[in-house]
Amino acid sequence: MSRVPHLNRPDGRRTTSRPVLTAMSTPGSLVALAVVVLYAVTAPAYKVFTVAGAVPIALTGLGLLVLIGWAREISLATAGIYGSAIYLMGYLTRNPDNGPGANGLGGVDGGDLPWVIAAVAVIAGGALALALVALSSARLPGIYLVVLTLGLQIIIERTIYTYGDLAGGLSGGDIRGNILTIERPGFFGLDLQGDKAFYFFAWGWLALALVLMVRLRRSPMGLAFHLVGADRQAAAAVGISPLRFRVLAFAVSGALAGAGGIVAAWHLESPPPFPNLLSPYSLVLLAIPVLAGLDSIAFVVLVAVSFQLTPVELEELRISPFILAAVGLLAGAVFGSRGLGGRAADAYRYLLHGGRRTRTARERLDAAVLRGSEGLGAEGDEAPIGMLTAEERAAALAVLEAWLPPRPEIANAAEARDVVVSFGAVHALDGASIRIPNESMVGLLGPNGAGKSTLFDVISGVRRPDQGTVSLFGTDVSTQPAWDRAKLGVARTFQTTRVMADLSVGDNLLAGAYQRIGIHPLRFLAGDPRAAARLREAEEAAWAAARLLDIDRYWNERCGTLEFSARRRAEIGRCLLSGPRLLLLDEPAAGLDPASSVALFSLLKRLHADLGLTVLLVEHYVKAVLDSCDLVYVLAEGRILAEGTPAEVAADPEVQARYLGTRMRFVPKVVVATDAAAAAARPEDLAEASEVSP
Ligand SMILES: Nc1ncnc2c1ncn2[C@@H]1O[C@H](COP(=O)(O)OP(=O)(O)OP(=O)(O)O)[C@@H](O)[C@H]1O
């Protein structure tokens, strides 16, 4: 891919992704490192030993952060995977010199494997166990998966925990399970027997996991997890396979629970009694990311440390981990999905702005437009912020054009033939056929229940038709899932706006770039500079799209806090980042006030014209469709009622009678460039716009 010009952000920062090592050397990371080191130097050995015990919990908590926080799935088998890892690590590395049956229960010698091999096996085993569970319920709703993980936990309790040589057996002679002694490993000649030396070794594991987690979160995969968690259909629409990421999230969680168990085995030097690792302990671990916040890596570590220290420091209060879990889960529910980390970020921001939320002039303008134009005079005196100069627009377009795949030279971008879809007795589509010429803007009109959204679903792959075929850019995709169709250059929006409310506009846009980035995820984890460079290109394309869609000023704002039309544009931006040549827009103006609708259509027309995008839009805002489109279809009762140019369709007597009625008067209109211009549009434009919107 050719180099694209850099676009600078208004705050002077370039839209570059910082390499992870830079991120790790930020003041916060340095302070954390200093605290960890100073603690080891100053605290007594027994306290250092206690704090090292937070590392296994933090590792497991990080895995659950990916699973619960990012992918929004739940596992109740975490205690089982964690506990199994402890026992297996002890067993696999056990030295036969201790003699068979050294545990007093008879049995085998142990694996005597080098610790590295045993650790890899245990981590892989944890990943595999949970991945298989996720795979086995691929087509079932999430609740079945929760039940399956509970089943796995019980199976572990009744097998691994009952195996005498590993855990002492549920009814074994040594009910406390303290049967194995687990040797701490040798590490490049270092003696880790001392608690302080081991403390650094354990934190080294955590540091490695944190580096990988930060890289994962910053990579396209991190955002793909989030998008799958927020909305599977929206993820599929930009080329992300929800199943793949669901399985991956479970695998990552299993791997990190395995890693946690390994460090716990070394830390304790003999396994804890198995009753501590039964299913309720899964809730303790689950409470960590819930309380920390579902996207807060740093707070997972903080909460893990506090969960480890509190019962020890406040021993006289008899605070058990289970009480902490209950408090953590309740507090997490009160704080909401952003948890303590989100609250801390809000407080930091509050302090920074002295309690005042600074509003840009443009935000005030938006608010005035939403209120119905009063007050525009005063605000309108300012320069129209957000309106790009010709040079800025050209620069943004050049970046986005470079990001998109080459323009296909083909007559039709898409074709759906004789599509039939029935929901029981309801024939949503009854032999509908449409053709979307390449680089055209096509409108799909029709009364409520005509089958428009169903046809959209069929073209984008969300729904398989009972009969009929779909081809995209000359390829028959009738049997392909939505994410594979997205790879051919199709993206879609939905009737109700689907954005990730807790993530920033920038993240929302970048989430669309997953498949277009096209670099193997492991390269991001390994810190490959080519992967970082490609991510930078994606960021620049996202920034360019944000500028063109006039949402650049919200780049760092959470999408959930934005007004409706900005959220809708963020959804369109996410589609643009997936590299579409065909954009399917399902009622983009639904719910917008007239001024915002006019502005949105003007933006869409410009994107279509400037980027050569093919657009199919379903819309009830008839006038805008007739003004904007080259070709219009009218659908009624699942069949195509009319097709042709806007003038032909508007003049069709049957269309007039069955859909448009007599209110509609077709007068092509001038294009309005931006929201600001829309706000200043002639009142009669807006009046007409509202008149024809049912
Ligand atoms: N999942 C479903 N289950 C049952 N019936 C459905 C389902 N989805 C759509 N339908 C029915 O199929 C018909 C077509 O629905 P569809 O949503 O495609 O229409 P539409 O033209 O998009 O309507 P609107 O303009 O109101 O969005 C309607 O009668 C609807 O009730």
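Just so you know, glycine gets a Cβ as well, placed from its N, Cα and C.
Per TrEMBL, these features apply:
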- 414-662: domain 'ABC transporter' (DOMAIN)
- 20-42: transmembrane segment (TRANSMEM)
- 48-67: transmembrane segment (TRANSMEM)
- 74-93: transmembrane segment (TRANSMEM)
- 113-135: transmembrane segment (TRANSMEM)
- 142-161: transmembrane segment (TRANSMEM)
- 197-216: transmembrane segment (TRANSMEM)
- 247-268: transmembrane segment (TRANSMEM)
- 280-305: transmembrane segment (TRANSMEM)
- 317-336: transmembrane segment (TRANSMEM)
Selection from 142-161, 197-216, 317-336, the stretch that has most Cβ pairs under 8 A to the transmembrane segment (280-305): 317-336
The transmembrane segment (113-135) versus listed stretches 74-93, 142-161, 197-216, 247-268, 317-336: most Cβ pairs under 8 Å: 247-268
CB contact flag for the transmembrane segment (197-216) and the transmembrane segment (142-161), at least three pairs under 8 A: no
Model confidence over the domain 'ABC transporter' (414-662), averaged pLDDT: 88
